[in-house]
Amino acid sequence: MASLLKQLSGDRVGPGSVAVTLALIVILVGLIGPLRSVRDFVAELVHLDTCAALQGRLADRASQLTPAEIAAEDLASQIEGHSRAVVDYTSRVYTDALLAAEAIFGAIGIVTTMAEYSWVASALTALSIVPTLVIGFYVSKEMKTTWLRLGRIYRRERYIRETLSSRSALLELTAFGTMTRIGRLEKEAQAEICAVRKDPIRAGLRVTGISAGASAILFGLAIFSVFSSVGYEPEAVAAVYGVFGAVNAVAQGGSRVSTIVQYIPTIDAFVEFLDRPEAESSAPASWGKPEIDKIEMRDVHVSYGDGVFAVQGATLQVSRGEMIAIVGKNGAGKTTLLNALLGLVPISKGTVLANDRPVHPAAQEWWLRGFGAMAQDYGKYEVTVEESVRLGCAESTDSHAVDSALRAACAADFVEKLRDREKTQLGEIWGGTGLSGGQWQRLALARVYLRDANVWILDEPSSAIDAETEVTLFEELRRTSGTRSTVVVSHRAWTLRPMDRIYVMDEGRIVEQGCFDELVQQNGAFARLFREQTMSLS
Ligand code: ATP
């Protein structure tokens, strides 16, 4: 300090210059509190910005994953794990690095001052950072696997928590008196999360004893070397205080650096996830849609990996302008067959041909652009009506196209009566409008109309729709079917009458095919399946 005063005020230390120096020091020290507050605020702002930016990058990468990638790997859990780690760790790396740098600079200052008394004590004090870093490395090894394990549990926990507040679950399970079981599952999931999160902490604690021992020895040696070089003089007291201060500063700096070391595997895994190569199927927008005039499935087999074929030797075809139907009992393999056509489940044997040429599995993203598909468990997206319909099309669409799609899907009438029409927020979770099952289904169909694709795949498109609307809906489908190929799964006999061909599935095989009247006359599987319904039609 004396040398600093000298430097600040020149060689001659007079009362005037000391006053100036002291005033400077008083101002600086006085500012430490407010400056720390500013630093903490800035750090929090940086943390929030980093968190949003990293979550955005995660969402970008996750939205590029194909259904096949998600199904083949535990990617959904990895995404959940990364997302949680971003909030708790990854996004704090810049601010923690700033705090570490500050602590390390402070420590360097004190340790260098110590060297004026004893360079050995100074070196020993600096070395006391090593045990703290060892703890950091040890914990980081444990962290490597922790986030993946946590991803799986967090995902399950999120599902259970959402079930706790889901309207349909509340209605059903409260009536059954079993909602408390869901509450119990949530408690169990939380306990599991807590246990897994404690693993790295326990790992750290395990090595803390050894690390503390090593630090104590270094501290003892530093004190010893102070007395060796200064002797038992009054100055030694100041030097010992210096060692206390230096050890404390080094410990603080070490602890900050150790925290960053603990982040490294989590950040590595995050970067690896962002950098994973995009699926081969990624197709540039310039490729447009595939022009599909004819689709053929030849001897297609699909197994979900359990050795059982959900689809066995299925052969069918559909051309532009045709409407075909696939029918069969529950579990016969209809949805699996449609998913195989879309490339959403891998085919174990057989081929899918478009315009007489085999479809390359790697071109899936491009292939899907040719389809307008409505799944059996279609999405009920709780956004505005307009946004919900627009989700059917990657390109931007004007409100006129949305209106036409709503009309074609028999949804315009009920949307017209909603408080804000197309702008109405859907879903009671957000204080929006609740829709009936059939109304949700009509919005799902509107997405397909908006898409205007070559091939339509409709898995039970009217399962929740009333009989009167169903008639209008199928009339509209038939009226507009001329420019596309349409494949429908339906359990209602009358909807099958106008089909160009009907394929009947049983236990994964296509057991009959023909038009409605032919199949009724055959008096086989189709007739058995729809006996009650076809009698009223004939
Ligand atoms: P439904 O009329 O009830 O919709 P479906 O004819 O569409 O039935 P699929 O959903 O294709 O039948 O199921 C055919 C078989 O494949 C069933 O035995 C089913 O258990 C099995 N299956 C379907 N999805 C999976 C899956 N993801 N993993 C394993 N097996 C599956």
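Using N, Cα and C of the backbone, Cβ positions are placed for all residues, glycine too.
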When TrEMBL is consulted, the range among 12-32, 96-116 described as transmembrane segment turns out to be 12-32
Long-range Cβ contacts under 8 Å made by the transmembrane segment (117-139), restricted to residues 6 or more beyond its ends, are 107, 111, 200-201, 203-204, 206-208, 210-212, 214-215, 218-219, 221-223, 225-226, 228-230, 235, 238-239, 242-243, 246-247, 250-251, 253-255, 257-262
Over the domain 'ABC transporter' (295-532) the mean pLDDT stands at 88
